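K.L.:
So Swiss-Prot has the following annotated:
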type: SIGNAL; residues: 1-34; note: signal peptide
type: DOMAIN; residues: 35-508; note: domain 'Sema'
type: DISULFID; residues: Cys94-Cys103; note: disulfide bond
type: DISULFID; residues: Cys129-Cys137; note: disulfide bond
type: DISULFID; residues: Cys284-Cys405; note: disulfide bond
type: DISULFID; residues: Cys300-Cys356; note: disulfide bond
type: DISULFID; residues: Cys374-Cys393; note: disulfide bond
type: DISULFID; residues: Cys511-Cys528; note: disulfide bond
type: DISULFID; residues: Cys517-Cys559; note: disulfide bond
type: DISULFID; residues: Cys520-Cys537; note: disulfide bond
type: DISULFID; residues: Cys531-Cys543; note: disulfide bond
type: DISULFID; residues: Cys594-Cys613; note: disulfide bond
type: DOMAIN; residues: 858-951; note: domain 'IPT/TIG 1'
type: DOMAIN; residues: 954-1037; note: domain 'IPT/TIG 2'
type: DOMAIN; residues: 1041-1139; note: domain 'IPT/TIG 3'
type: TRANSMEM; residues: 1238-1258; note: transmembrane segment
type: TOPO_DOM; residues: 1259-1894; note: topological domain 'Cytoplasmic'
type: COILED; residues: 1261-1310; note: coiled coil
Amino acid sequence: MEQRRFYLRAMQADNLSVVLLSVAWLLLARGTTGMPQYSTFHSENRDWTFNHLTVHRRTGAVYVGAINRVYKLTGNLTIQVAHKTGPEEDNKACYPPLIVQPCSEVLTLTNNVNKLLIIDYSENRLLACGSLYQGVCKLLRLDDLFILVEPSHKKEHYLSSVNKTGTMYGVIVRSEGEDGKLFIGTAVDGKQDYFPTLSSRKLPRDPESSAMLDYELHSDFVSSLIKIPSDTLALVSHFDIFYIYGFASGGFVYFLTVQPETPDGMAINSAGDLFYTSRIVRLCKDDPKFHSYVSLPFGCTRAGVEYRLLQAAYLAKPGEALAQAFNISSDEDVLFAIFSKGQKQYHHPPDDSALCAFPIRAINLQIKERLQSCYHGEGNLELNWLLGKDVQCTKAPVPIDDNFCGLDINQPLGGSTPVEGLTLYTTSRDRLTSVASYVYNGYSVVFVGTKSGKLKKIRADGPPHGGVQYEMVSVFKDGSPILRDMAFSINQLYLYVMSERQVTRVPVESCEQYTTCGECLSSGDPHCGWCALHNMCSRRDKCQRAWEANRFAASISQCMSLEVHPNSISVSDHSRLLSLVVNDAPNLSEGIACAFGNLTEVEGQVSGSQVICISPGPKDVPVIPLDQDWFGLELQLRSKETGKIFVSTEFKFYNCSAHQLCLSCVNSAFRCHWCKYRNLCTHDPTTCSFQEGRINVSEDCPQLVPTEEILIPVGEVKPITLKARNLPQPQSGQRGYECVLSIQGAVHRVPALRFNSSSVQCQNSSYQYDGMDISNLAVDFAVVWNGNFIIDNPQDLKVHLYKCAAQRESCGLCLKADHKFECGWCSGERRCTLHQHCPSTSSPWLDWSSHNVKCSNPQITEILTVSGPPEGGTRVTIHGVNLGLDFSEIAHHVQVAGVPCTPIPGEYIIAEQIVCEMGHAVIGTTSGPVRLCIGECKPEFMTKSHQQYTFVNPSVLSLSPIRGPESGGTMVTITGHYLGAGSSVAVYLGNQTCEFYGRSMNEIVCVSPPSSNGLGPVPVSVSVDRARVDSSLQFEYIDDPRVQRIEPEWSITSGHTPLTITGFNLDVIQEPRVRVKFNGKESVNVCTVVNTTTLTCLAPSLTSDYRPGLDTVERPDEFGFLFNNVQSLLIYNDTKFIYYPNPTFELLSPTGILDQKPGSPIILKGKNLCPPASGGAKLNYTVMIGETPCTVTVSETQLLCEPPNLTGQHKVMVHVGGMVFSPGSVSVISDSLLTLPAIISIAAGGSLLLIIVIIVLIAYKRKSRENDLTLKRLQMQMDNLESRVALECKEAFAELQTDINELTSDLDRSGIPYLDYRTYAMRVLFPGIEDHPVLRELEVQGNGQQHVEKALKLFAQLINNKVFLLTFIRTLELQRSFSMRDRGNVASLIMTGLQGRLEYATDVLKQLLSDLIDKNLENKNHPKLLLRRTESVAEKMLTNWFAFLLHKFLKECAGEPLFMLYCAIKQQMEKGPIDAITGEARYSLSEDKLIRQQIEYKTLILNCVNPDNENSPEIPVKVLNCDTITQVKEKILDAVYKNVPYSQRPRAVDMDLEWRQGRIARVVLQDEDITTKIEGDWKRLNTLMHYQVSDRSVVALVPKQTSSYNIPASASISRTSISRYDSSFRYTGSPDSLRSRVPMITPDLESGVKVWHLVKNHDHGDQKEGDRGSKMVSEIYLTRLLATKGTLQKFVDDLFETLFSTVHRGSALPLAIKYMFDFLDEQADRHSIHDTDVRHTWKSNCLPLRFWVNVIKNPQFVFDIHKGSITDACLSVVAQTFMDSCSTSEHRLGKDSPSNKLLYAKDIPSYKNWVERYYADIAKLPAISDQDMNAYLAEQSRLHATEFNMLSALNEIYSYVSKYSEELIGALEQDEQARRQRLAYKVEHLINAMSIES
């Protein structure tokens, strides 16, 4: 019986979990270049995280242990089986667990954490141990995860109730032909009495054995187990042993553990005080007594840093270099381990971590030495945690060899000397978390995972390099840590890497990312070599003919290089022979082509490694840009064998004539020569006219040589003499020399005279320039001859023009001028001139050479410091004119306000500035001017200032702020009087200087230094110059701010998203800022102080120049805070802050302008709109239509904007995270009102129509008689046809029934792919919306979450008030702007919000329906119209009410016949041809989808290779030879994955169909390729017949390749066509929206080619739109409709019978139906409606037409399936028949009636009888009391209360309250009950509460 219970549980879990699972293939990891596609498997539930992973070493199957699930996956991570392990009702305190005996503890639904997952290979089973029921295990069959046994009835079966993964490890040991042993170590969480920490257990081959998991040995004296003593727990309350890894090697089993150290006699009760040690534990395999237990600490060090906290480990073989370093063989085992630094904080280890290696031989040697020393009696056993005290080693003469397994003495044995490993690699940033290793080509390759989701690839070489990281790839987009378990695929091409929510298959190498030989072979990746002639980096086994010489380069020295002679030629040199030598070349005998960039390609002549090529001809020579003298391009060699360019070098074309000067010509990099007499540069020296005129060295060039500075006063006539070299003598007919000067843009040409080859003189001339603001102007000049032949000026000699008077208005400034200008002061004219321009008789001319020269008439123009303290020390700056020509003239002659002021030599500026320092003032001195003398105090040398200098006494009043952080950096403001006086100020906090920042007359600002005396107050003192200001002020140093938490821990690359920072003392920071550093660049953003514990910040951008649009998640190199001077937070380590890519938006339309109707939603499509972050925070979008915001709903790929009521054209702007996008504009076109002429025309037309109607009525009477006769005749015709096809129907039905039985043979009801309740409800309530806000937690931007939640809880009270809710709904329905869509939305939101209170929701619904009936009858509408359409909130609420309450009935009863009908339709349609273009089929219930031609076809059986295991039997698949390749792929996928939900299958578009002919030949079949037949402008899709595929052919579905064998040459045409028809079969992500996807392929109008399959579209072109429905259907087509109808009849009958029956396989009628029908009857009685037709119609409109028709037409609402267009058309016919069956009106049929009505004309009367009987049976059932109904509703509420987020639903409903607040408040104020309950006030209070945050 128990076994049967296990079996049922396993099968149920298996099927149900697979149905519920959602698997996606995502772009995930990013290598160093690009974004490779990795196979990925995702967690089905965000909270059910992955724990363990293992790969079967023979089959390659991947097994994943997770919370509540164990999965079996294929090698490419597609799911095969999901085995349910939880959640279950449990309590950790129940011991024994409740599965053995009842438990009195409170039970809760508890997750089952997978803690152990091991494959028992010899018995083909999987051991999976969890945390439920005290840690019981299951043995699962590897093939299907069927439970073989779940031992749980003995205490030995309870391993540990610890619900944390990564604390347990197990090792299976088995000898040939014997039962196995399971060594298992686990943490026990203080329950040492219940669970041993280490044990050895039996693992019998028979799963039913009673000894399963028993201890190997268990007696009163000795057992195969070790328990933690209670004394140890008393001493260290948090003591536990965590088992990180285990393995068997040789005759031993090893465990690697982390455990707290146990200090001698000192109790430790705080986990934070613990020191941890990592230990190796060794046991002999065959030691049941555990006498061989030895435990030694282990770890490693580098550069003095100890790494002692074990994180992960992996046992592997060493590569050759590593084996040599360890002095071991390559066959021995090496342990690779990851450690974190130190011994503290094991549960939050530091980022500083290391990869270390330990040879097992070295570990065993150290253990042997420890054993030997102990058996020699040396020291203690050193295992205090287990023994409780120091126990001396016992001396015993026992020989101890390598296989010693202990005695009953000296055991268990510990040690304190650690086993030290070899440190291969360390990192201080991104903590290492996992490790795996294997040997490739003699190298140890180690793969290390990190906490940010990156995978490091390290080549372990041993000393001296240790381990070299050669690549790092980002595996997990969200930055999740890589978990401990990693495993290789069986072919070692892939590594399986796991995070908490994702498993990813990563290739072990990505050689293809390297594009050059140098990159490839310097990458350090041992997998990679250079495949020479294929010009690619790859593994050796991927390179063709790699064994041949130089075909595959394994070291960088083997890279090919190309030498070319000559390596450059002139552009005028054409078709030259070039000699190329290829170094390290493979055999090139198959031919070489030489390519000159993209200019030309020529044949090369090969001779060994030498190639002769011809340079380009005249037409192909490149054009060299005007400003360059050469142009380089790639000279490439292309292999004719591979077609690839395999080596290249730069080749240059040069142009000598680009050089205009001799020096640049002869100094160029090319062979250029200068023709001196022709003044040109040429590559051919023979073109020079004179032999002596040829120059090819710079020394021979004509050129000017340096001379003394050329100074010319403006206006002076002077010659300019220049030195030169090699000046040419002008030849006959050539002009002479000139000097050309460019002065302020004007060119002056002056004749020049050549004296000889080394001298030339510009003739006498004067020069001028404008302006007195320039005293000295450097002028460019050149010497030319023969008009424009320029002499080189290599030193860039210039002529300097100058004016003495410019900028020298005073005597002092004049005499201060540089002596070389020879300027002086002309006293009489008071100006600066040359001596010759000053009349010597009337006025003296002063210059530096004059004796004792002094300038008279000094003047003071300004004093800069005009006040200071009387104590002196103030520096006064004096500006003026003629303030001396030497410091000695003013050194003792300055007084300020009567006080001597000492000039400072270093600050003196001749004639312009004096800076002096004030002396001490006599008491009583108040103010005065500055007085000074120049040299002597005569009147002409004396002056005084107009400004007064004042003595003041500074004072201090207050300080702000009065406290700051200990690290300093606070801006301190000191206020007082006269604090701006003096020239310098100093502020001291205690004995430290406060760094001066700025001051005004009444305040000083300075920056506080770090405290030198710790925390507490310090005195504040101020000094101004020499004055000390008394003060009693104090400044207090307090603790530096600390940051505890950042929420959320993500942003987007542009930043500016809100962050909330929580911590301590945050208010002491004046200008807090947040910073990130990425790629060496820092970015900062602002923060605002909220209070002492909270800051709000805007996230910084990643970097200012970060490229947008990259779909990568980045982690900044540094993240921290700029908090004054607090250095500890500059880099904040306790965060995993990541950046998601920026959102991007597509244009609204190609033109950028979208035409909209008023009220229509605007859909903005984009990418990365919802970052996949945990925690609920979302991006805050604001969308503006013009200046008006709109309501926004966001999903991953689109943003829905409910626009305001606007007309005209408006720009759309999207604001998010500091970015602004404009995807275009919307043009809203309002429906214009009718004009007067239009109204008159309508009235006239109406009158005419009335007359026509009267005439038609008369004619109708006459016609109806004829119709009766026609109907009888037509009915007879149908009967005859039906009898003729009866036999065909029986045969077809029998065949279909066989197929359906095959399809459903292993489908019991639990196997039907039902959607889960939440998905089902969402598709009914909110069709087409995948990610609705009600599915997730409420998200509020900023820090308003609590306020909004509080307000919404107030709103919940209002919603739960019936008076309010009814008033709210009625008010909304009265508003004209409250659209039909709004009504449906509000109804669905209310039902989701009241999901937890269905009793109340039902009460409200009944009241609304009652109101609706009243209103319907008051308006004199026909009663039968009630509930016909969804025009009120009540009607949509009724649909949703039934959807909630009939879900169980759907799953238990109605779902099965509906699913069978769907399967039957799909199977029957696919038995005949289906046109891939038009969607028409041979077998159809719909005339519109019927092929109207005779199509010849044949059924084939194809044998398909099993895609998951090519060695398993082939799968036979029925197809038609006229099927397109895509149709064949769909049928194969249906056959291979017949029991797999549609969303979890591969897509046909992602697969290629291979036709396998023999063992080698494989042909890829495609809908279009180069063999596709094209006739005129028609192109026919390829079919199996086209490829001549025969019966029983072998085919295979393989993942689509990037390139194919037979892609057509006309790629542009075919690609368009293919994409169009591919999309018709593509699964779009959600299994069909409301509108079915019609597989119509639009002909390729752009290219003029039309695509067809079975029927050309123009075959029906002559039929007008309405003809099909109205014409008589010809017999042959009607026969097919009848045949299909007859074949499917049983399935339609089964469905209708189930829906119209009150008894279903023992299940009672759903209470909801009886309850609602009784309510409608009560309403009819209340209104005295006794017409049975009206009551019948109400019930039909209420349930069958409102709910069941929707489900029949859309089975994808209930099941995880794909509904094709032909299936959709047939279901629509069935749904119409269902509707007709519920109608009370008589169906009058004629020849013009639709074919589907004619088709079921005979059946509808009997169906109507079923309906009437059904309604009558329900009426006879006993009434349901309100009490019973409420109990049922309460139970339903409890079951699904958590499916939707109530606060989110309320928030959505509130948007309508906000929109119609005035109308709602008005309605509440008018309602008496609402007034009594003050509801209007409560609504106003709610609006105020919500508006605080908005």
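Any Cβ shown, glycine's included, is placed from N, Cα and C.
Not measured: the values here are computed from a predicted model.
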K.L.:
What residues, ordered by sequence, lie under 8 A Cβ-to-Cβ from Cys137 (disulfide bond) and sit at least six positions away in the same chain?
P.N.:
Leu116, Leu127, Ala128, Cys129, Gly130, Glu150, Pro151, His157, Leu159, Leu213
K.L.:
What is the separation, in Å, between the Cα atoms of Cys94 (disulfide bond) and Cys543 (disulfide bond)?
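P.N.:
One finds 62 Å between the Cα atoms of these residues.
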K.L.:
Taking DSSP as the reference, which of helix, strand or coil describes Cys284 (disulfide bond)?
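P.N.:
For Cys284 (disulfide bond) - judged by DSSP and reduced to three states - the answer is strand.
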K.L.:
For the domain 'IPT/TIG 3' (1041-1139), give the DSSP counts of helix residues, strand residues and coil residues.
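P.N.:
Result for the domain 'IPT/TIG 3' (1041-1139), in helix, strand, coil order: 6 helix, 46 strand, 47 coil.
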K.L.:
For the domain 'Sema' (35-508) against the domain 'IPT/TIG 2' (954-1037), do we get 3 or more Cβ-Cβ pairs below 8 Å once near-sequence pairs (under 6 apart) are dropped?
P.N.:
no
K.L.:
Highest CB neighbour count within 10 A among the disulfide-bonded residues Cys129, Cys511, Cys520, Cys559, Cys613?
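P.N.:
By the 10 Å Cβ neighbour count, Cys129 comes out on top.
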K.L.:
When you rank Cys103, Cys300, Cys374, Cys531, Cys594 by Cα distance to Cys517 (disulfide bond), which of the disulfide-bonded residues ends up on top as the closest?
P.N.:
Cys531
K.L.:
Can you count the other CB atoms that lie within 10 A of the CB of Cys103 (disulfide bond)?
P.N.:
17
K.L.:
If you count other Cβ atoms within 10 Å of each one's Cβ, which of the disulfide-bonded residues Cys94, Cys356, Cys405 has the most?
P.N.:
Cys356
K.L.:
How big is the Cα-to-Cα gap, in Å, between Cys531 (disulfide bond) and Cys393 (disulfide bond)?
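P.N.:
With the alpha carbons as reference points, the distance is 63 Å.
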K.L.:
From the DSSP assignment alone, can you count helix, strand and coil residues within the domain 'IPT/TIG 2' (954-1037)?
P.N.:
0 helix, 51 strand, 33 coil
K.L.:
Let's check the environment of Cys374 (disulfide bond): how many other CB atoms sit within 10 Å of its CB?
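P.N.:
The Cβ of Cys374 (disulfide bond) has 26 Cβ neighbours within 10 Å.
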K.L.:
In sequence order, which same-chain residues at least six apart have a C-beta under 8 angstroms from Cys393 (disulfide bond)?
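P.N.:
Within the chain, Cys393 (disulfide bond) has Cβ neighbours under 8 Å at Ser373, Cys374, Tyr375, His376, Gly377, Glu378, Gly379, Asn380, Leu381, Asn410.
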K.L.:
According to DSSP, how is the domain 'IPT/TIG 1' (858-951) divided among helix, strand and coil residues?
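P.N.:
Across the domain 'IPT/TIG 1' (858-951), the residues distribute as 9 helix, 47 strand, 38 coil.
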K.L.:
Around Cys528 (disulfide bond), which of the listed disulfide-bonded residues (Cys356, Cys537, Cys594) come within 10 Å, judging by Cα atoms?
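P.N.:
Hits: Cys537.
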K.L.:
In angstrom units, rounded to an integer, how far apart are the Cα atoms of Cys356 (disulfide bond) and Cys284 (disulfide bond)?
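P.N.:
One finds 25 Å between the Cα atoms of these residues.
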K.L.:
Return the count of C-beta atoms lying within 10 angstroms of the C-beta of Cys517 (disulfide bond), excluding that atom itself.
P.N.:
24
K.L.:
Are there residues of the same chain, six or more positions away from Cys543 (disulfide bond), whose CB falls under 8 angstroms from its CB, and which are they?
P.N.:
Gly529, Cys531, His534, Met536, Arg551, Phe552
K.L.:
Might you list, by sequence position, any residue in that chain lying six or more from Cys284 (disulfide bond) with a Cβ less than 8 Å away from its Cβ?
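P.N.:
In sequence order, the residues whose Cβ lies under 8 Å from that of Cys284 (disulfide bond) (at least 6 apart) are Gly251, Phe252, Val253, Ser292, Asn403, Cys405, Gly406.
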K.L.:
Which state, by DSSP, holds Cys613 (disulfide bond): helix, strand or coil?
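P.N.:
Where Cys613 (disulfide bond) sits, the three-state DSSP reduction gives strand.
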